[in-house]
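Asks: Could you have a look at this structure, given as structure tokens, before my questions?
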């Protein structure tokens, strides 16, 4: 575990962006998430780690109500975004998802041009008034996703023709284009090679300047490299949540220690 | 106990047996493909062998003098007056013209009465001449070059259907008539040439196979396909999209799903009975009309469109839906912007195959009266018409062997339409896929 250099950047006194209280998730009879309390800070990278099937992805998908698409899934408890309950009956998940963007495990660009991929979100939300504005949003998003220089000459080539790492950065650009406040990333690097992974990780660190980023990852090294806060999930419970440095160097819970030292998971 | 080491150069008995089994299986597969190909070849050969001659027809080409004396006694060229002259009058004109042409060319007629010579002309020719004259009364008094249809038996002689031996036994044609036909052909007065009328002309009665055409049937089928396309595409795609993308999965949707599969397996004649009961007996739509045929075929085609459309929608990777929802698209936006365009090639292929099946369907149309003898071109969806496959069925019921040729010819036309539709399916599919 020599390469586990913990990010030095200290977490300042940031505002709480998302706060979850006593969140329970059920898949039919299966109690997948039990009593999770967590506060996610603004302009911070928060990593969810834990063994497979521990519920970290499930919990992530609660944050922008992607679980709504699964009929048997039921969520209880409160999840507040800037003090507003996102599971309130008056909340339209479509609006929520514009504020809480998501990047998935497998790069999933639309089978359209690179430009159309990025422009899709702004278009459906009516964020731009004319073509020039849209062009600007597309360029800015691609720049933020560190992809602009690679694709600026072929914006109208299909997005599916890019390499895996480029596709994932395109998906990040697409998510960024709707100017979300929170960016959820579900194992964004698991389908990428080490070089592409390094690029995406660097990108995540830059995104922190503008967004609150929540990343689910299998790789503890990755969590240590990119995040300031880390939450360790085990069997549907949030076992430990704290500063990334503390979690990896001074875990409070024996289960956390076992996991980061490789004995469980 | 360890077995002695076997050389890799000599295969062991198990390997030999396994390889044999595989070789046998390949042989079975090859055999199955071979049987299918042979069957297809036999089918095509027999249809084209029987049917290609339907596209050719034997005509008598003689100058015809249209005498004012018998065709327009009043001399006013008034259509109403001229209409009083029936086809019998025109038949006489044609017979005279043929007799004169025989005489003028110095052909000696042996063993034939005057009537026998005239019988070589199709009854339809007089009707055609009458229509021609009524359409252009100025022709009266002139001598025109007119191509008269030869009698079906004479036509059959040039297509190998009638021989001198068979003619000797046939009361409708005699060997002497065939001799005369040969003599006429030698002088260039009788010729077999391409027969566009087979595609455009309406059906003809039992006695006039030489005049029977597919015009009404093609038009009827065309109208029905328009009805089927206009109804089953939107209904079928909307059903598939709703069931696949929006409907909650519960017992009710399960029942619907099972029923759609069952409907696809219902024999088509049952849809005919349904159409008869609902569209004709209850809704009082006209019998034999393409609108009813189209509605019945729509009912029959719908499940066959919905099932492949659902399969095509299901084949769109869920990650695309996630991606769309993830950037804040609504359900409907994710379906219409992303899922449906990706499923379009599959939906389109299913659609065209469904249409092709509908085009070839006969049984339900028999029950709603589309088997009727229709000589007037349908002007719209509510006029009586027939359909291509029904015309084939109809012609195979007729006694005159000339109709067998007509039926095979109609099958060729039907196959060509199906081929065009399938090609369209492939081309559209390619075009849609190229966009991505």
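Placed from the backbone N, Cα and C atoms, the Cβ positions cover glycine too.
A quick note: this is a predicted structure, and the numbers were derived from the prediction, not measured.
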Asks: Any idea which of B:222-243, B:310-331, B:376-397 is down as transmembrane segment in TrEMBL?
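Replies: That would be B:222-243, per the transmembrane segment entry in TrEMBL.
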Asks: Between the transmembrane segment (B:339-360) and the transmembrane segment (B:263-283), are there three or more C-beta pairs closer than 8 Å, counting only pairs 6 or more apart along the chain?
Replies: no
Asks: Between the stretches B:27-48, B:263-283, B:289-307, B:407-428, which one has more Cβ pairs under 8 Å with the transmembrane segment (B:222-243) than any other?
Replies: B:289-307
